[in-house]
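This report concerns only the one structure given below.
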Amino acid sequence: MLVKSERIELNKRRTKTAGWIEKFGVYIMILVLLILGTLISNKFLTIDNLANVVHAVALLGIVAVGVTFVTYSGHFADMSVPGIIALSGMVAVDMLRYGLVVSLASGLVTGLMVGLINAFVVGKLRANPIIWTLAVAFVINGVVRWLYRGEQIYPDLKAGEKLATAFVNLARINIGGAVPITVVVFLVMVIIGQLLLTKTKFGVQLKLIGSSYEVARMTGVNVTGMVGLAFILSALAASIGGILLTSLVKIGAYYNGVGYDFRAVTAIVLGGVSLAGGKGNMIGVLGGVVVIGLLNNILTLLGVGTFSQTIVQGLVFILVVWFNTYSLRKLGKADG
Amino acid sequence: MDKMNKKFFQVINNYRIYFLCSLVFIAMAIFVPNFLTVYNLTNILKGMSLNVMVAIGFTIVMICKELDLSIGTTLTLGAMFVIGFQPALGWGWSLLIAVLAGALVGLANGFLVARAKIDSFIVTLGTMTTVQGIIFLYGKGYALNATDFTVADWLETPIIPFLPPRVLITIVLVLLFQVLLARTRYGRGFYMVGANRETAWLAGLNTEGYVIVAFILSGITAALGGALFAMSLSSATPTIGTSSLMIVVAATIIGGTSMAGGKGSILGSAVAVLTLTILYNGLTNLGAGYEIQILASGLVLAMVVLYEAYALYRADKVKGQRPELLKEVRMLQEGSKGS
Amino acid sequence: MGKKITGVLLVVLMAALLLLLFGCGGKQTQPSPGSQTGQGEKKSSNLEESIKAEGKVAQLKSDDGQPLLPPLEKKEVPPRPADPSKLPEDDAMHWYDMEYSGWGVTKVNIPQSPKDGAKGKKVILIVHGDHPWTTAYIRGAKKVADAYGMELKVMSPNWNPDVQAQMVDQAIGARPDMILMIPVDAKMSVQLFRKINQAGIPVIASNTHPESEAMKYVIAWTGPDDWGQFRMLARKFAELMHYEGGYAIIQHNPGGSPFFARTYAPITELKKIAPKMELLDKQAPGFEAEKTMQVVSDWLTRFGNKLKGIILSDDSAQAIGAVEAIKNANRQDIILVAAGNSKVGMDLVKEGKLQAITYQTAEGDGAAAVKAAADWFNGHDVEPVRYLPMHIITKDDVDKFMPAQW
């Protein structure tokens, strides 16, 4: 039998543990994977290998950071992300002939405009986010294929050798000769995102909206603006990712970015952001993205074939989320 | 006068998918040569069968306010199993195994959603990946085929005008589930569970059971649809169902099912799939490429979502207001401006 | 007030977006070289005119400056082993039914050629899906069709077997003089070709090699010899590797015949000609640069200096990923060879980052199918299997194939 104060103490401790698991649970997973990897191969725990892992998932991470705002605000996911990636990349290539700055700016603006439309329809008119962004993805896909007649476009044919080289090298810059730019952009975005979520009015209000939209509205939060902003940030991140991806593959094409919608959600959820909204943080998303990279790395080092890798990825995903939900519920912080 | 107008619009809104379908049908009949032939109409019905079948279960899940992203790969699983087991066991048993496999995927989904309380979007995203891996592993990456075409021909040849057995089975199942959901007490439970789970639970419904059953039905119809499609071609590929997911999601929404749960009908979803199939068929006949088709279906979906959102937005705005008083105020204002 | 401004702003933005897009991409028209045959000269018969057109067709060029219709090749066909599936996977004969599909098949119910000339014939082409490659393929097909004065209608099911099945029914309903089809899947196509055949419409298969079973129902198949080409690529690869060292394969997407051809043609060929070479691993990361980069990086970590060469199933995204990975690891000594000759691939060959790629003319592929159809209408003999010519592009002759077709 517990005395009242003891019970309160225990509850406090439980809540604390729960909060900890909620915030950083994914890092337990990373630790497990790191140990596993070290046991499997002596080349695993080298800077080169780990750097490769992060490099390979950096683009996914950039996109995931943006979608996190949408998920955090309780609006599930932005399914128009693949469309934005393809569109902003193609526009950037197309505008390259007017100079690199114009190209990048127009790529970003295109993404922003799609984000604005999403912001208006979901934020203002309260359309269902998944379905609306899905419709947007369909429309973008159709428009892009129609405009470019199903062709892919190349920077050097659009703008000549010099500008093309500048554009193509964008994703190949190494900061300090060692750190790829995609990784730098990703980490910077994580930090900015984390600051936005924790240190600004926007972040606090977004959390409130994610926890309960109605309560947020009643307390006078500008829900329309905040939700809209989340979608705009998501589109912005996707267009940054889209431009970098296009620069990497040297092709503007309507199929660039396929699959990024679901992969981003996978990373976000692994990172402890609840689809119900209002829970999680960017550091967790960073972890979620790294887990995806590490898992692939270890499975390939083990020599597991593609088919079995697919199964393992699916199962690990379910198990991790299950564990997360289960432990949170046991600890008295039910999810959703 | 105003009231009648309102009622009129409500009727139109409730049956909008049927109007939309008729509209598309009439437009295609006018503009597309050879559209109104028995042969072409039979084709359209055959073309819709697979996605209609998958949409049945998907709609039930959506009515329960859940989402099933695994239908695409479950469909493929059904298709692969029915062809894979046919040489050893014959069509009957292999069909049974395919459907059971679908039910098993549904059971896993349902259990994880209802009992482990994980969001269905996440659960089915996970099972989607897992099942795809199982399919690849089962077929070693191969497509499979059967050498026996008797069943394939039977399924595809009309027994009464317009209706080959595959279409007939689909329509019968649609009507069966439509009646089950709309007319039986048990079926209406799905709507209650979707509209408000707590109220449903307080009303004595086994909400967990309902959710699990919904997912099992979704698995079964997806696998059955895939299996029948594979049988009609006597073969299956490991990626056969990839594009069905998005089409079925779009059709279900266009057909009037709400993601907020508790609303929708299987007949509506079926007619929405039919509408999209007519659209594709007509556009293909006119020589339009896939880009126009996906653009058209995107626009239709966007319009429906926009309309619904706008209607809700309007309703929300006037909630608690008294329009007749407002009108008076407005008239007064205009009067004063005029003078 | 504020709301109105927001509204107006949004509309303006959307309009601007649309304008921008139209400005960017809307105006790329391709002049089609084929001239419409005049209506005036009705005196000579249709057949004579069609045969006259053959001279013109032979002159056509694809956009890379190569002849559109190079002479097609035949292939040595060994006798079939008793039960190929009993043999091990690294034995070439295990894959006999895939590699030599279509030879020695008894044709069923093939319609007789009307022998009244190709001109004015209605042909429906059902492709497998949209892709820049397909765009080039259709361009090639249209060039030939225009030169003959044939009416060509294209349908694209976007890689969806369900939609392709519907399109086959639709095409049959349109009662054309001939149907050309690239099957989405080799095995699924059997019933589709059978249906067309039973409807009494002549059909020619193209590009993706269907099952032997399906070859019963088609007049002919034309397309690249994926197996033969990858054997050729493997021989070049072995030469570049000096017949030794470990190698790995980035595979095609599972499901289709290229998945097998581009994996097992090199494996079986290398086992025969370079027994000292060792297959270290094979993975199918899809056609994505980032995923391929990760797999290759992982391989470099896992195998280190044992890994000397990589065979890729695609020379765009996969090649970019592999090139980046070996650059990051400072392992430019690794030999890379790939399938296809896209622009990205040829640029990489030119830069010396890819050592060899296969030449696969997309336009010629489309052209060959229509040519086979025209030959049939003109009353010529059409062989059951026609392979496109094979060639390996290296740095020495890459310029001859520029600009790329796609």
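Cβ atoms here come from the backbone N, Cα and C positions, even for glycine.
According to TrEMBL, the transmembrane segment annotation covers B:12-32 (among others).
Only residues 6 or more beyond the boundaries of the transmembrane segment (B:44-64), in the same chain, are considered here, and those with a CB under 8 A from a CB of the stretch are 71, 75, 106, 120, 156, 162-164, 166-167, 170, 173-174, 177, 181, 190-191, 193-194, 210-211, 214-215, 217-222, 224-226, 228-229, 244, 247-249, 251-252, 255, 257-259, 261-266, 268-270, 272-274, 276-278, 280-281. If you look up TrEMBL, you'll see B:44-64 (among others) marked as transmembrane segment.
With a cut-off of 8 Å between Cβ atoms, the residues of this chain six or more beyond the transmembrane segment (B:95-114) that come close are 57, 66, 68, 70, 74, 77-79, 81-82, 85, 89, 120, 123-124, 127, 131, 207-209, 211-224, 226-227, 231. Summarising the annotation, TrEMBL assigns transmembrane segment to B:95-114 (among others).
According to TrEMBL, the feature transmembrane segment maps to B:121-139 (among others).
Here TrEMBL flags B:159-182 (among others) as transmembrane segment. The list of residues near the transmembrane segment (B:159-182) in space but at least 6 beyond its ends in sequence, with Cβ under 8 angstroms from a Cβ of it, reads 38, 41-42, 45-46, 48-49, 52-53, 56, 60, 63, 188, 190-191, 217, 221, 225, 228-229, 232, 265-267, 270.
Counting residues 6+ beyond its ends, the transmembrane segment (B:210-230) has Cβ neighbours under 8 Å at 49-54, 56-58, 60-61, 63-64, 66, 68, 70-72, 74-83, 95, 98-99, 101-107, 109-111, 113-114, 155, 166, 169-170, 173, 177, 189-190, 193, 200, 236, 240-241 in the same chain. Residues or ranges marked as transmembrane segment by TrEMBL: B:210-230 (among others).
Long-range contacts of the transmembrane segment (B:236-254) within the same chain: residues 17, 20, 50-51, 54-55, 58-59, 62, 69, 71-76, 79-80, 82-84, 132, 135-136, 139, 141-145, 222, 226, 229-230, 264, 269, 272-273, 275-276, 297, 300-301, 304-305, each at least 6 residues beyond the stretch ends and with a Cβ under 8 Å from a Cβ of the stretch. What TrEMBL lists as transmembrane segment is B:236-254 (among others).
For the transmembrane segment (B:266-286), same-chain residues at least 6 beyond its ends with a Cβ under 8 Å from one of its own Cβ atoms are 17-18, 20-21, 24-25, 27-28, 31-35, 40, 43-44, 47-48, 51-52, 55-56, 58-60, 174-175, 177-178, 181, 247-248, 250-252, 254-257, 292-293, 296-297, 300. Feature annotation from TrEMBL assigns transmembrane segment to B:266-286 (among others).
Among the features that TrEMBL reports, transmembrane segment is placed at B:292-313 (among others).
Remote same-chain partners of the transmembrane segment (B:292-313), defined as residues 6 or more beyond its termini with a Cβ less than 8 Å from a stretch Cβ, comprise 13, 16, 20, 247, 250, 253-254, 258, 275-276, 279-280, 283-284.
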